[in-house]
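Visitor: According to Swiss-Prot, the protein carries these features:
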COMPBIAS  320-331  compositional bias 'Basic and acidic residues'
COMPBIAS  389-407  compositional bias 'Polar residues'
DOMAIN    142-231  domain 'Ig-like V-type 2'
CARBOHYD  Asn59  N-linked glycosylation site
CARBOHYD  Asn103  N-linked glycosylation site
CARBOHYD  Asn210  N-linked glycosylation site
CARBOHYD  Asn231  N-linked glycosylation site
REGION    320-407  region 'Disordered'
TOPO_DOM  1-266  topological domain 'Extracellular'
TOPO_DOM  286-407  topological domain 'Cytoplasmic'
Amino acid sequence: MGQKERSTADTLPDLEEWKSAAGLRWWQTAVVDGSGSGNEVIEGPQNARVLKGSQARFNCTVSQGWKLIMWALSDMVVLSVRPMEPIITNDRFTSQRYDQGGNFTSEMIIHNVEPSDSGNIRCSLQNSRLHGSAYLTVQVMGELFIPSVNLVVAENEPCEVTCLPSHWTRLPDISWELGLLVSHSSYYFVPEPSDLQSAVSILALTPQSNGTLTCVATWKSLKARKSATVNLTVIRCPQDTGGGINIPGVLSSLPSLGFSLPTWGKVGLGLAGTMLLTPTCTLTIRCCCCRRRCCGCNCCCRCCFCCRRKRGFRIQFQKKSEKEKTNKETETESGNENSGYNSDEQKTTDTASLPPKSCESSDPEQRNSSCGPPHQRADQRPPRPASHPQASFNLASPEKVSNTTVV
């Protein structure tokens with residue numbers, strides 16, 4: 001009994017040695033191909049990040065004595081390489097071979113990669129459990145958009161220009177290239193909260209000349225670059241032109257706005273503008289700068305047709321009123337005389353009331369004293385209205401008084 005136990009204890013170290021030897025033999029079998037020759041994967045492929053539409057390259061280095069190298073994409077064999085020639089099943093997957101220091105290097109090239117090609121890349125030997133693997137990432141460059149292709153701004157006036165990168169696999173670095181003179185410029189980047197693959201870059205500047213603005217999106221790791229350019233036109237603010245139209249300024253700004261006129265068209269347009277402005281300015285000066293007003297309206301009496309008509313009607317009405325007034329006075333004086341009035345007495349009265357025509361004295365002083373100031377005639381007084389009653393008196397002869405009728 002004790003001897004049996006002793007023999008069991010003595011055999012335990014032999015069991016451990018057997019396990020170690022079995023593990024070593026299993027590892028050696030793993031790196032041996034079907035023909036029994038030993039080989040291994042010395043260096044497997046490396047991770048790669050490429051752009052959509054470009055090429056992806058992977059290298060796998062194995063020891064001498066290999067029989068078959070298999071390349072798999074997402075656990076699907078896409079390329080097989082034999083010592084003499086590759087076995088190509090898809091034209092998008094090709095192979096290159098190199099000998100380096102007694103080892104063999106196989107290179108797999110994936111042409112025109114697509115986002116669906118992203119996944120695990122594996123290089124393995126036939127009947128071998130050891131392999132090398134890597135991961136392929138395909139990046140997609142999205143759109144780069146500036147809302148306006150041609151911008152027109154005022155000189156020395158601040159403005160903002162936006163650039164929109166959208167549908168990128170990951171957001172790029174945004175920068176601006178200025179092809180014009182500016183007094184100030186700055187930009188900032190604002191990601192879109194609702195879309196992690198989109199963002200907005202805003203450029204604030206104060207332009208001083210015409211030029212271009214370029215929004216640049218880059219992936220430094222891939223050395224990829226995409227840009228969008230916009231033309232910026234600066235318009236000089238006119239000085240004080242009195243509210244007129246600056247025809248030369250308008251013509252000079254047409255090419256920058258995308259319009260082009262021949263020489264004869266520019267000359268004709270300038271002449272047409274001048275011919276249009278000349279009568280406009282003339283009418284403005286005559287009608288707006290005249291200080292005289294008439295008829296209670298706010299227009300010039302010399303150039304307004306309606307005021308001319310009203311003025312003519314007023315003059316005709318005034319002449320007609322004066323004529324009627326004179327006729328009424330004449331009729332009133334003739335109708336107010338008494339029928340018993342003697343014409344001889346009237347003649348005597350008229351003769352007696354006349355002033356002397358000349359001075360008969362030869363002495364100048366006496367002549368001057370006798371020649372007093374001329375008598376004012378009674379008919380030089382301003383006429384009275386025809387509506388008031390009138391009375392005529394004969395003051396020539398105090399002895400004879402004519403009867404007078406008061407109307």
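Heads up, the Cβ atoms here are built off N, Cα and C, so glycines get one too.
Looking at the shown structure, what environment does each listed feature sit in?
Guide: Helix, strand and coil counts under DSSP for the compositional bias 'Basic and acidic residues' (320-331) come to 12 helix, 0 strand, 0 coil.
Other Cβ atoms within 10 Å of the Cβ of Asn59 (N-linked glycosylation site) number 18 in total over all chains.
In the shown protein chains, 15 other C-beta atoms lie within 10 A of the C-beta of Asn103 (N-linked glycosylation site).
In three-state terms derived from DSSP, Asn210 (N-linked glycosylation site) belongs to neither a helical nor a strand segment and is classed as coil. Within 10 Å of the C-beta of Asn210 (N-linked glycosylation site) we count 16 further C-beta atoms, all protein chains included.
Packing around Asn231 (N-linked glycosylation site) is summarised by its Cβ count: 17 other Cβ atoms lie within 10 angstroms of its Cβ, all protein chains included.
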Visitor: Using Cα coordinates, what distance in whole Å links Asn59 (N-linked glycosylation site) and Asn103 (N-linked glycosylation site)?
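Guide: Counting only the Cα atoms, the answer is 13 Å.
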Visitor: To the nearest whole angstrom, state the Cα distance for the pair Asn231 (N-linked glycosylation site) and Asn210 (N-linked glycosylation site).
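Guide: Cα-Cα distance, Asn231 (N-linked glycosylation site) to Asn210 (N-linked glycosylation site): 8 Å.
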Visitor: How many helix, strand and coil residues does the domain 'Ig-like V-type 2' (142-231) contain under DSSP?
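Guide: Helix (H, G, I), strand (E, B), coil: 0 helix, 58 strand, 32 coil.
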Visitor: Would you report the average pLDDT that the model assigns to the topological domain 'Extracellular' (1-266)?
Guide: 79
